[in-house]
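Have a look at the structure below before the remarks.
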Amino acid sequence: MRLEENIRRVTPYVPGEQPQQKVIKLNTNENPYPPAPGVERALKEMDDGRLRLYPDPEIRMLTESLAEYCQVKPEQIFVGVGSDDVLSMSFLTFFNSGKPILFPDITYSFYKVWAELYRIPYECCPLDEKMHLRKEDYCKENGGIIFPNPNAPTGIYESLDVIEEILKQNPDVIVIVDEAYIDFAGKPSAISLIDRYDNLLVTQTFSKSRSMAGMRIGFAAGNERLIRWLQDVKYSFNSYTMSYPAIVCGTEAVKDTEYFRKTTEKIVATREWSKEKLADLGFEFPDSSTNFIFAKHPKYDGEKLFQALKERQIYVRHWKQPEIAQYLRITVGTDEEMNQFFDTLEEIMKE
Ligand SMILES: *Cc1c(COP(=O)(O)O)cnc(C)c1O
């Protein structure tokens, strides 16, 4: 018993499956298109002599290109190993009041895991009947707030008015807006608010819109003081979070704004026709501003559809949590993948 008492025991986050055989993979919101051509070039031309050395602990090259892209100062950007790393570091840095932090009850399930890992008390705020955030719930006393915008897995974007309201009501705590899917929304990022609200931290990732989930790059934007505090924690944890290849490839990806715009537009176009098709088949779903659609059918059981699709080598995401057990979260793939998905879905529904 003694030994067990000394262990930090946690229930880990469970990521979506990464099947090794060839399947149509619509379960973890990866991008179906390759990264920008400059990334492939950078990998081929990579100076492997540089691998002998430690990477730049300040990650200046990537930080500066992101600052330019976001139209903020480099001192307002923090880069990490995927936004999961940035978020985990942010929990550790900003949520230390002892009061419960707040996040939606239906949201990215990693928030609860980090809260438990770092022993941060938390409260989950229910979404309203249309699956929107209820901003009133974020006005009570708390130790910090975090939510994705657009939210996952609902796909719903909340306007910056809602976010500003929450920021104004919570001047003494940090509010983190996780913008993993913002590039698919065609709506403004909360990064435009960081100069006005010193309690705002916004995170984004290269895993979805920049097709680089395997490279692990994410970043946060916030005022200089918040970023300094994050850096201090990072340097107390691991000075070299980002590998040299990730720094070089990430910088190449940011440079190619044209490729980024084109692939993002393609996914949005595929999403829009997929919504029509799902509605024609009788599915119900909140309006998605992301690269996935969170849909349920009044006459077909969510788990059964999930299993039937999986047996036919089509992977989507399903959770057993009762409130959302009827839903499938379907990542938007290429047009061809979506056509195959719909052909298979129609077959299953006819059986
Ligand atoms: C995918 C995702 C992340 C993490 O992405 P990384 O691959 O770690 O950059 C964070 N938040 C939400 C809501 C996500 O969906």
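Each residue's number is its place along the chain shown, starting with 1.
Placement of Cβ uses the backbone N, Cα and C atoms for every residue, glycine included.
The domain 'Aminotransferase class I/classII large' annotation in TrEMBL covers 22-343.
DSSP assigns Lys208 (N6-(pyridoxal phosphate)lysine) to coil in the three-state reduction, placing it in neither a helix nor a strand. Look at TrEMBL and you will find Lys208 tagged as N6-(pyridoxal phosphate)lysine.
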For Lys208 (N6-(pyridoxal phosphate)lysine), nearby residues of its own chain (Cβ under 8 Å, 6 or more apart in sequence): Asn29, Glu30, Asn31, Ala180, Tyr181, Asp183, Phe184, Asn291
